[in-house]
Amino acid sequence: MHVIKRDGRQERVMFDKITSRIQKLCYGLNMDFVDPAQITMKVIQGLYSGVTTVELDTLAAETAATLTTKHPDYAILAARIAVSNLHKETKKVFSDVMEDLYNYINPHNGKHSPMVAKSTLDIVLANKDRLNSAIIYDRDFSYNYFGFKTLERSYLLKINGKVAERPQHMLMRVSVGIHKEDIDAAIETYNLLSERWFTHASPTLFNAGTNRPQLSSCFLLSMKDDSIEGIYDTLKQCALISKSAGGIGVAVSCIRATGSYIAGTNGNSNGLVPMLRVYNNTARYVDQGGNKRPGAFAIYLEPWHLDIFEFLDLKKNTGKEEQRARDLFFALWIPDLFMKRVETNQDWSLMCPNECPGLDEVWGEEFEKLYASYEKQGRVRKVVKAQQLWYAIIESQTETGTPYMLYKDSCNRKSNQQNLGTIKCSNLCTEIVEYTSKDEVAVCNLASLALNMYVTSEHTYDFKKLAEVTKVVVRNLNKIIDINYYPVPEACLSNKRHRPIGIGVQGLADAFILMRYPFESAEAQLLNKQIFETIYYGALEASCDLAKEQGPYETYEGSPVSKGILQYDMWNVTPTDLWDWKVLKEKIAKYGIRNSLLIAPMPTASTAQILGNNESIEPYTSNIYTRRVLSGEFQIVNPHLLKDLTERGLWHEEMKNQIIACNGSIQSIPEIPDDLKQLYKTVWEISQKTVLKMAAERGAFIDQSQSLNIHIAEPNYGKLTSMHFYGWKQGLKTGMYYLRTRPAANPIQFTLNKEKLKDKEKVSKEEEEKERNTAAMVCSLENRDECLMCGS
């Protein structure tokens, strides 16, 4: 059997040569568990005569990846094989690679189609010695296999389908793309990115340094007008933004309801549903940047709108197709008045914005007065029990995980943009809360700090380093506002006037584990607070320094910060004594700040996978999980747990099988000691009340909002109701992003049992269930404290 080498020569397949190549990449790994010869044996079984060395390396990497559940070092080895393969297939010198990307000729039409901007190439060539020598290629070897494969699939630029960039090239491209001629700043950013202290968001990594640097993740729109022109102008904006790879939040509360009079045609409106189906089809048609991600629109509606019940059904799995829009995402923008009326079991009036105008333009007391005046004037279209609508909301969430829950009054009352007007919606992921109008499309550029990195070897937390890196991130995101490509002019106008940014986090759960703090412990709760105090402090200080150089943002005057009111003041919270807030407030009073908003913990799904961290602010959902790559699915064990079990001599095949059998939980495995059971509780074993409490405690230092998922293994209407009311009373802006559940029953058994039921029995069962759910919901409203104790 022979192998074809990269230069075209043929050579006999030699077992020892393959083993030796793998052995060389095993430095620093735990050789008690990693066995290069075992990988070689498996590789040789899959070979055929005429295999190329590239295919051989790919097979070796995949083989190592399949052994990851034996030990996480196999994932590192798999990545090293794959990275070493990529290094052999790509040019080393950064400036050469950038020239190749610029000189690209499209094979379909023979035209010059540069993949990087001429301005980026010119800067690289003018500074090539410094930039080329600053790159440290060994850092490519620190990715695990699944992080590297994610980069390879979607992030590294390709020439004719073949990857041309190495990960380090991409990070330097991004750094130069942001900082242009400021080479010192570019190299500083490159080092922080490549050492994994933080990461920019996916659109920034995709597009920085290219001809169309659309670096923003989030866009928020409100309807231009309740008219055919307004609806379709807004739709066009959505299409243009989605084409450029932006996720979208759209406020639709101003659109007239079903049956409302249309003066221009002397007809009646069809309401929200047919309009949203048009938006649904646009989302399907226009994906985010050529198949990178599907188009994604979140639709925000206030619960007084007459079409609210139909809105809650739009994502359901059953029902008439023409009453569904399953490719959209749905969110409620909830005034406090609705929550109060649900709590006290009062009536709730549904209205049409055409007949009761302005409700979406006011919040708080002003909203309550206007709403009550419309009720008094008899302009109401329908009256329902507030709890009847609440039941429909809970029912939809139990079935579909949505709508998202955001509290309109908290979002406005605690916003530094409240001087601009009423904020009408959030974004696709519920962490961005920014002002929109018919002339302004809100935008946010994102980055996330890898919180696990700031845990020292002595198990202390390096707040000083966290503040320093936060300041670099602020400067980067602030620069992006000026160099960004905007898909619509209204986005450019908004972003340059208010200059908001969104700094998030990833690896909070990893940081707790490295500090040896169980997620619910008092120590973790204090660290959670101090991490966000530090990020907010560092971000404000950096933004103030920028204002000193460049002046405050255009609409600064009249904002809460301009009056000395910071986010924690709006929550009536006193920070810990970690930082000197008095000095910072004095500095801000003198110079102002450059950015209206700063902090917004987002989901971090893709970038956390690249860096090998747990997502965002989330606890671990399981201690064993599946990672999908193009070549298949791989099971991964939580690497921290595996390290702990290995050190205590408890890691073996049988242990792995027990964890899999327990769905990733270790709580019922007798051999595992209690201290590890506390440390490795999954989200299903952590009190959701604690999760909400920690969200509120960090919320005092988050001037936008946070993507906060609620996990209830088997939700009932009582549990869910008490969760929502607890979050609302804690003052959260986002009460819930997704409701994550686990199926309670085996669906096959469930189907079989259902089949046997007669229609009559089925109807009575459904009625019984509705009664039971209503009773649970009402019980939780009447006995909130007790209900939370028995809930999650």
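A Cβ is built for glycine as well, from the same backbone N, Cα and C atoms used for every other residue.
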Among S217, S222, S410, S622 - the residue Swiss-Prot places in the same GDP site as S202, N427, E431, T604, A605, S606, T607:
S217
Disulphide pairing with C444 per Swiss-Prot - partner from C218, C238, C662, C779:
C218
K376, K464, K582, K733 - residue that Swiss-Prot labels as N6-acetyllysine:
K376
Test of record reading: of T265, T460, T555, T751, which one does Swiss-Prot tag as phosphothreonine?
T751
Record-annotated N6-acetyllysine (source Swiss-Prot) among candidates K17, K369, K465, K479:
K17
List nothing but the one residue from K5, K243 whose Cβ has the fewest other Cβ atoms within 10 Å; the candidates are the binding-site residues.
K5
Of C444, A605, which of the recorded positions has the most Cβ neighbours inside 10 Å?
C444
What does the structure give for the C-alpha distance between C444 (disulfide bond) and A605 (GDP binding site)? Integer Å is fine.
17
For K5 (ATP binding site), which of the binding-site residues S227, G264, E431 has the nearest Cα in space?
E431
Among C218, I228, K243, C429, these being the recorded positions, pick the one whose CA is nearest to that of E11 (ATP binding site).
K243
Please list residues from the chain of D226 (dTTP binding site) whose Cβ is under 8 angstroms from its Cβ, counting only those at least six apart in sequence.
C254, I255, R256, P353, N354
Tell me which of the binding-site residues V13, I228, A263 sits in the most Cβ-dense spot, judged by other Cβ atoms within 10 Å.
V13
Need the DSSP three-state call for K5 (ATP binding site) to compare against my parser.
coil
Cβ packing number for S202 (GDP binding site), 10 Å threshold:
24
